[in-house]
Every structure is written in C-alpha cells, then in structure tokens.
Amino acid sequence: MKSHSGRGSQMSRQKENNMKIVAGNWKMFKTIEEARTYFAELASATPPQADKVRVIVFPNYIALGALAETGSVPAWVLLGAQDVAAEVEGAFTGEVSPAMIRSTGATHVLIGHSERRHIIGESTVLLHRKLVNSLEASLIPVLCVGETLEERNAGKIEEVVFGQLDTALSDVRLSDGAQLIVAYEPVWAIGTGVNATNEQIEQAHHLIREHLKQLLGTAIGGSVAILYGGSVKPANFASIAGLPSVDGGLIGGASLKPSAFAELIEIAEQV
Ligand code: PGA
C-alpha cells in the first residue's frame, strides 16, 4: 500500500489533541440547488476551531460535483462521497471511480454504510476492493461497521464487526492512522430515533479499537479515529461525543438541516 502523507500527518496530530470529527451523511437527499442553499446557510455559522473539530459532509455525487465547481462550500468543511466504485477505470456503467471523486476536491469516502450492505447488498469482498482503491487514490475511507439487532441479541457483535473489519482491511498496510476512519453504526440505531446507550457505544468502540490494533499494529490501530453513528442529534451528542472512546459522529437525519448541523459542530467543539 502506498503511503500518503501531508493532510494525513496533520490529521493524526489533531487526533492526539482530542480532535472531534463531525461528519454529515446526506444519503439520497438534496438537489444541487438545495445543496447550495444549505451551504449558504451553514456558512453563516461560526467556523469551528480547526484543532478541535473537523467537519466532513457527504453529499450525493451530483451535488458533490456541482459544489466543487461553484466553490460554495465554506473552507472549514471537507467533502466526501457516499460510495465509490470497486474498480479504478473501465466499462462499469453507472460507477464513479476514486480518481473522479478525488477530482472534485473531495477527501473522504464512505465505505460499507449499512444501507449499502443491507439494502443494496454489497459484499464484504467488494467493500475491500473499494477501500484499497480509495487509499490508492489518496481518499480517506470512512469504513462503516455495525451489527443488526438480531445479531446483537444473538451475542454476535464481535463476530460480525470483527468480520467486517477483517475482510475490509485484509492485507491493508497504513503508514498513518489518519488514512482511515472507522464508524461504528449499529444497524438498529440508524434512522430509528433509538441511539445506542453510552455503555453500548463504549463497549463496541473498545472492541473495535483493540481489533484495529491487532490488524494494523498498535500505533496505527491506536490512532485511527472511531466515530459513532445512529440517531445522533443535538440532544444526545454532547453525551456521546464526550465519551473517551468516541472521536466524533457520523450523522444522517440531523445533518440535513444546517441549523442542527451547526449545533452539532458547536457541541463537538465544547466537549
Ligand atoms: P441517522 O443516520 O443519523 O439518521 O441515524 C446515520 C447514518 O446512516 O450514517
């Protein structure tokens, strides 16, 4: 695996300083016009301190391209794509390559969101290829992992989450923990209004942290940011983001309104 420095080393320094990441996943919402209006409104929020909060927004591909073109996104917001092709280039109708995403100025990409795993039916092997190709294109993958309620009730959290990490990260060597972000998103908490309890989050994040250390080595596995996602909103974010094992949030529904998203950013700055 190629080593990517620059922004990466800057981010790992920030993580050591207890940096929080606030990531907004817009899913299949917002036309180009709506996306521009959103950022015009978000731009009036007070920018967070760069050493305390990193903000990333994941619009759909269409809005992502348009936003890059008009420069309508505040400088303190990084952009990412919600998905990426598993191939580099070629006859893959409908797919968008890592380099195409990178060409918009986007820096991050969601990989293995539960809606892609469970609704679209993406396989773990496919997700592994997406992750490797994204790293090669200097995109930072936000690898989403998490168990269904059925799996949790059957006591299979470790089996499921470790399995997702093992396949996605198989043979992946990083030179810096900032090249990767992991998001723990229990499927039963996504879009349901029922967030995981602090205890459940801490337990899962500790398991993930130890497993990342085994897979990537102690130093790198210890410095990969781990976000929590699943029904995060302004009312519960201070308590979740304040947990020692939580490096930030991946937020769906509550990221769609600029006022709520600005509130989440402010909370992350204060914890
Ligand atoms: P939610 O979605 O915040 O609407 O639960 C989280 C996600 O899907 O990343």
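Every residue gets a Cβ built from N, Cα and C, even glycine.
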Additional site residue, Gly71, Gly177, Gly191 [criterion: listed by TrEMBL with Asn25, Trp26, Lys27, Ser231, Gly252, Gly253 for substrate]: Gly191
Candidates Gly191, Gly252, Gly253: member of the binding-site residues with the richest Cβ shell (10 Å): Gly252
Residues Asn25, Trp26, Lys27, Gly191, Ser231, Gly252, Gly253 binding substrate per the record - widest CA separation, whole Å: 14
Contacting binding-site residues for ligand 1, chosen from Trp26, Lys27, Gly191, Gly252, Gly253 when the Cβ sits under 6 angstroms of any of its atoms: Gly191, Gly252, Gly253
